[in-house]
Amino acid sequence: MSHNDTIVAQATPPGRGGVGILRISGLKAREVAEAVLGKLPKPRYADYLPFNDADGTALDQGIALWFPGPNSFTGEDVLELQGHGGPVILDLLLKRILTLPGLRIAKPGEFSERAFLNDKLDLAQAEAIADLIDASSEQAARSALNSLQGAFSTRVNHLVEALTHLRIYVEAAIDFPDEEIDFLSDGKIEAQLNTVMADLDAVRAEARQGSLLREGMKVVIAGRPNAGKSSLLNALAGREAAIVTDIAGTTRDVLREHIHIDGMPLHIIDTAGLRDASDEVERIGIERAWQEIEQADRVLFMVDGTTTSAVDPADIWPDFIARLPAKLPITVVRNKADMTGETLGLSDVNGHSLIRLSARTGEGVEDLRNHLKQSMGFETNMEGGFLARRRHLQALEAAANHLDQGKAQLLGAWAGELLAEELRLAQQSLSEITGEFTSDDLLGRIFSSFCIGK
């Protein structure tokens, strides 16, 4: 497949609807307009026309929009046909267009890919299109739109420009060592480097917020049978998502709920009670529970407050704690406070968070919601914020590491050449976000996750 091909795809969701849109982009778009419409519409005006078959009979009628390149979404000639949204009608029209030479069905995300390749969008903006479509909350949608409008890219580009200026200064000091002013030791480079590092830290903090909005937080509820795990899932979900009985081992498989806390997506996972099980089905459920625990962002360790007064997880169940991944955050949830009379609320026990609540009555559950939000550093007021993906966080972290290494070289040995190289690598890491330095393989993976007509 070539980027010189003319591509066509349905731009509206499959199925029946009031309107169905076909989008065509490429050199042959003009020929499609003349063949199907009988004329070339006036650029950027809505023209109501019949959509004709090869023999001149009308297949449909609707709005035609003509956007000659480079003033179009893709930067190429683009034709949009907006007809009726019946799948049969759209299929007939699509088949008609594909009878013309030089046209093919677009790959997923190929329209956005062409916009990127033709400098209509950078890579972060192109990704924001998919994120806007997939947004699961109002806040996520607003942040995705900010990214599409360039909020994230602008911040990254400012960092790249600052690094470029700093590299020029450092390399001038290297190339002209006999000058009276020692650029490397006069403090100016260190001051500029500190400014860039502080700006990068601010962008990283906002990117983590944006990643939380997009990816969400995976929270696994784990503990012994009958500790109240399913009751807590229901309390957090606000509905009867799980069956709750007094019979130990009622939950035998993984249950998932997706909720939002002040805009932050939360993936809650209820698991089978952990114990030595002789029943094969329950044993499989317990193994699945451990698989989810190992992939969690946080574990809610449910404890039946009527069975123990211990609050330290190592005292409550040392074998469970020993099996957990080393850096996995734990919140001990002492349940059934309505029966024990314990004081509700959050406290700290040996570096672990402890919360007392009643999953049955809902008392203390709001404290848990706030704790989950705060534990991830999530801020509800993100006006002007942007969405970020995991690869963006990795690129920002790589850039920060290179700047740390560069500063160490500057302060330790006044090694200008090594500092300049670390600045170059940091600049390259940041440029991967916007696509200035990005492999073709990565581009393929990114755009293949898009909708067909985007």
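Cβ coordinates are placed from backbone N, Cα and C, and glycine is handled just like the others.
Per Swiss-Prot, these features apply:
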BINDING   Arg23, Glu80, Lys120, Lys454  (6S)-5-formyl-5,6,7,8-tetrahydrofolate binding site
BINDING   Asn226, Thr245, Ile247, Thr250  K(+) binding site
BINDING   226-231, 245-251, 270-273, 335-338, 358-360  GTP binding site
BINDING   Ser230, Thr251  Mg(2+) binding site
DOMAIN    216-377  domain 'TrmE-type G'
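Distribution of Swiss-Prot features across the structure.
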residue : record                                              : Cβ within 10 Å
Arg23   : (6S)-5-formyl-5,6,7,8-tetrahydrofolate binding site : 24
Glu80   : (6S)-5-formyl-5,6,7,8-tetrahydrofolate binding site : 21
Lys120  : (6S)-5-formyl-5,6,7,8-tetrahydrofolate binding site : 19
Asn226  : K(+) binding site                                   : 20
Lys229  : GTP binding site                                    : 31
Ser230  : Mg(2+) binding site                                 : 24
Ala272  : GTP binding site                                    : 27
Lys336  : GTP binding site                                    : 21
Ser358  : GTP binding site                                    : 23
Subject >> Whole-number Å value for how far Ser230 (Mg(2+) binding site) lies from Glu80 ((6S)-5-formyl-5,6,7,8-tetrahydrofolate binding site) (Cα to Cα) >> reply: 50
Original post:
In which DSSP state, out of helix, strand and coil, do we find Lys120 ((6S)-5-formyl-5,6,7,8-tetrahydrofolate binding site)?
Top reply: coil
**OP:** Express the predicted model's confidence over the domain 'TrmE-type G' (216-377) as a mean pLDDT, rounded to an integer.
**Re:** 83
**OP:** Measure from the CA atom of Lys120 ((6S)-5-formyl-5,6,7,8-tetrahydrofolate binding site) to the CA atom of Ser358 (GTP binding site) and give the result in Å, rounded to a whole number.
**Re:** 54
Original post:
What three-state class does DSSP give Lys336 (GTP binding site)?
Top reply: coil
**OP:** Fill in the CA-CA distance, Asn226 (K(+) binding site) to Ala272 (GTP binding site), as an integer in Å.
**Re:** 10
